[in-house]
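S.K.: Below you will find the structure I want to go over with you.
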């Protein structure tokens, strides 16, 4: 187990270092070119180191316990391994937003006001057990916008990116006169780019997100994920005894469990994973249309229509997509397809 953890640490470190140039290029060339990047070089490296440390603090203990369970589990180790990963995934989903995400971004409660009251009223109308609404300062990292909810049972919380809110987006704020270090390019960006949605549009976006909850999409995704996880561990148990698999990768005398996991999950399952990924993409697109339809039932069709256009514009999404390419790669339907589905209700 110790040897496996050292190997895993070195492998992830190697991956992080070799991937760094591409990450830098993506952030400071591509994202910067299109006006999304808000990070400094120091912030970027601090963020990268923090991510690596947090990842290792989770990955290494979980991997060591998983290897130990496989080692002592006997003939039915795959059942215990699956139960362990199920518990770990549920714990991570529960603690992520409260304990992990705040390590990287600042979360503040949405101030009392019209928007908060409207969100609470809408949540109450569909019996969504909302406890808190947060705004996350995502603008310090990127100008991309988003919103999501999290929490189990009667403890649901909604998180809004400040870039989603017209009144909160840093790009919409007038630069203070005489502010030190301010250049003409920054002034131009702040002056020419209007970002975010109006309150009614934010409610429409949340109506879509809450539709995922009301229609059980989140639970369905968890069930599908765990069924797939169980199947993978079962097939792993069947294949782990095949010495030919290890010999093909140069392990003639030993069969390290971690190497077996990597060979089977990364290579043997590769065709299966492609098919599964396509099926999940098709299902995700279906869920998105259903969530849009739910927002329509809440009377938000017109506002969702305009919000989708604004978000596509803010995120520089290209509205036209080849249908075969988008069917295979896009988990969300192209903008024009979603607008067409909303069009009739909007006109009404």
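Keep in mind that glycine also has a Cβ here, set from the backbone N, Cα and C atoms.
Positions annotated as active site by TrEMBL: 209. Under the heading active site, proton donor, TrEMBL lists 292. Under the heading Zn(2+) binding site, TrEMBL lists 208, 212, 288. Marked as domain 'CAAX prenyl protease 1 N-terminal' by TrEMBL: 1-106. Annotation comment: TrEMBL describes 109-345 as domain 'Peptidase M48'. Per TrEMBL, region 'Disordered' is recorded for 174-193. Per TrEMBL, the feature transmembrane segment maps to 6-30, 51-70, 76-97, 230-252, 258-283.
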S.K.: Mean pLDDT across the domain 'CAAX prenyl protease 1 N-terminal' (1-106), rounded to an integer, is what?
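M.R.: Mean pLDDT across the domain 'CAAX prenyl protease 1 N-terminal' (1-106) comes out at 91.
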S.K.: Radius 10 Å, atoms counted are CB only; among the binding-site residues 208, 212, which position scores highest?
M.R.: 208
S.K.: May I ask for the distance between residue 212 (Zn(2+) binding site) and the residue listed as 'active site, proton donor', taken between their Cα atoms and rounded to an integer number of Å?
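M.R.: Given the Cα positions, residue 212 (Zn(2+) binding site) is 9 Å from the residue listed as 'active site, proton donor'.
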S.K.: Of all the recorded positions here, 209, 288, 292, which one's CB has the most other CB atoms within 10 A?
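M.R.: Buried the deepest by this measure is 292.
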S.K.: Using DSSP, break the domain 'CAAX prenyl protease 1 N-terminal' (1-106) down into helix, strand and coil residues and give each count.
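M.R.: Counting residues per DSSP class in the domain 'CAAX prenyl protease 1 N-terminal' (1-106), I get 94 helix, 1 strand, 11 coil.
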S.K.: Taking the Cα atoms as reference points, how far is residue 288 (Zn(2+) binding site) from the residue listed as 'active site' in Å?
M.R.: 9
S.K.: Which chain neighbours of the Zn(2+) site, leaving out 208, 212, 288, have a Cβ atom within 8 Å of the mean position of the site's Cβ atoms?
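M.R.: Not counting the recorded site residues, we get 209, 211, 217, 287, 290, 291, 292, 294, 295.
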S.K.: Can you give me the Cα-Cα distance between residue 292 (active site, proton donor) and the residue listed as 'active site' in Å, rounded to a whole number?
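M.R.: If we compare the Cα positions of residue 292 (active site, proton donor) and the residue listed as 'active site', the gap is 9 Å.
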